[in-house]
Amino acid sequence: MLKRFSISLDDNLLEIFDQHIAEKAYNNRSEAIRDLIRKNFVLKEWEEDRDVMGVISLIYDHHQSQLQKKVTDLQHDFHHHIVSTTHVHMDHDNCLEVIIVKGRAGDVIELADGLAALKGVRDSNLAMNSTGKSLH
């Protein structure tokens with residue numbers, strides 16, 4: 001059941017918010033507000049070290065000595081948090097590794113930080129998601 005409430009914003013903030021709505025192609029302000037609220041609660045789950053889901057992506061030089069072994073070893077150290085991995089050969093030199101993870105936020109962050117710190121990793125990202133349990 002939806003509940004209606006109102007908020008007050010100054011003109012400048014409302015203008016910025018309406019630009020955001022247009023850029024993201026929301027149908028209305030309510031959808032945009034709901035999305036912002038959900039994102040805030042997902043962030044809170046991570047801050048409170050709750051059970052979360054996430055996606056770690058890495059781009060690395062596969063010619064870097066021992067890097068693939070280090071990536072694999074670190075994943076094995078956190079095997080109980082890894083749901084799935086996908087490895088893509090981007091070109092002759094670069095690989096993309098996508099790792100779907102689940103577990104306590106602190107453990108997931110530790111894995112992501114460990115992978116990002118490896119010599120030869122050119123780019124890394126952790127997309128922080130929720131398990132969905134608290135977003136009804």
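Placement of Cβ uses the backbone N, Cα and C atoms for every residue, glycine included.
Summarising the annotation, Swiss-Prot assigns Ni(2+) binding site to His76, His87, His89, Cys95 and lists sequence analysis as the type of evidence.
Swiss-Prot feature annotations superimposed on the structure.
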| residue | record | CB count, 10 Å |
| --- | --- | --- |
| His76 | Ni(2+) binding site | 9 |
| His87 | Ni(2+) binding site | 13 |
| His89 | Ni(2+) binding site | 10 |
| Cys95 | Ni(2+) binding site | 19 |
Reduced DSSP assignment, His76 (Ni(2+) binding site): helix
